[in-house]
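Record features (Swiss-Prot):
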SIGNAL    1-18  signal peptide
DISULFID  Cys38-Cys116  disulfide bond
SITE      Ser49  site 'Transition state stabilizer'
DISULFID  Cys64-Cys77  disulfide bond
ACT_SITE  Ser127  active site, nucleophile
SITE      Gln128  site 'Transition state stabilizer'
DISULFID  Cys178-Cys185  disulfide bond
ACT_SITE  Asp182  active site
ACT_SITE  His195  active site, proton donor/acceptor
Amino acid sequence: MKLQLHLALSLLAAIVAANPIRLDQRQITGNELRDGSCHDVTFIFARGSTELGYLGSTVGPATCNVLKLRKPGQVACQGVAPAYIADLASNFLPQGTNQIAINEAKSLFELAASKCPNTKIVAGGYSQGAAVMHAAISTLSSTVQDQIKGVVLFGDTRNKQDGGRIPNFPTDKTKIICAFGDLVCEGTLVITAAHLSYIDDVPDAADFLVGKL
């Protein structure tokens, strides 16, 4: 088991090293719910393992930017951080992430609902961030869940384990995007090139979320 964990972590680290983060993306923080005023739409996102910043470096900031373009002046973007550190080892825990990350995500949904009762919440997660969303959203109160209009999950590490859905949450509000050949969607933690391809799916994901507003 220790050897398997070491090999998996080594593979993940090698892929991260081969996929450098752009400086402009790294500087995006996405702390607008906590630090800003209420907006018509609040986008809450959990980044993938090893990604930096509040929104991460790939699909998180890209989805935020597309939403802001399609709903000018109406969208606040909030990443699940800093308590959620997006470490590699937490992928191997029973829920695919750790309880600290889950609690932080839950608290952000609850903050959006209490601070901005009229905002429409949309959400997303990538890789381990998708696992964060599965666990957090499934345990929210029905009142807060009702305020969530749509969720998009990229490269969902809990896709197979949870039957292609977020437990206790409407399937028509959920879009799980799994690229052909992405083995994490099949219940493994084997990282292939397909797991790094989701930037191409951002427009479709944003269309889904906008369509739910």
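Cβ atoms here come from the backbone N, Cα and C positions, even for glycine.
From a predicted model like this one, the values you see are computed outputs, not experimental measurements.
Checked against Cys178 (disulfide bond) by C-alpha proximity, the recorded positions Ser49, Cys116, Gln128, His195 yield His195 as the nearest.
Cys38 (disulfide bond) has Ser127 as its nearest neighbour among the active-site residues Ser127, Asp182, His195, going by CA to CA distance. Counting neighbouring Cβ atoms within 10 Å of each of the recorded positions (Ser49, Ser127, Gln128), the lowest count belongs to Ser49. If you check the recorded positions Ser49, Cys64, Cys77, Asp182, His195 against Gln128 (site 'Transition state stabilizer'), the ones with a Cα inside 10 Å of its Cα are Ser49.
When each of the disulfide-bonded residues Cys38, Cys64, Cys116, Cys178 is scored by how many other Cβ atoms sit within 10 Å of its Cβ, Cys38 comes out lowest. Classification of Cys38 (disulfide bond) by DSSP places it in coil, neither helical nor stranded. If you take the Cα of the residue listed as 'active site' and the Cα of His195 (active site, proton donor/acceptor), they are about 5 angstrom apart, rounded to a whole number. Here the C-alpha separation of Cys116 (disulfide bond) and Cys77 (disulfide bond) works out to 13 Å. Checking Cα-Cα distances from His195 (active site, proton donor/acceptor) against the recorded positions (Cys77, Ser127, Cys185) with a 10 Å cut-off leaves Ser127, Cys185, in sequence order.
Between the alpha carbons (Cα) of Ser127 (active site, nucleophile) and Cys64 (disulfide bond) lies a span of roughly 17 Å.
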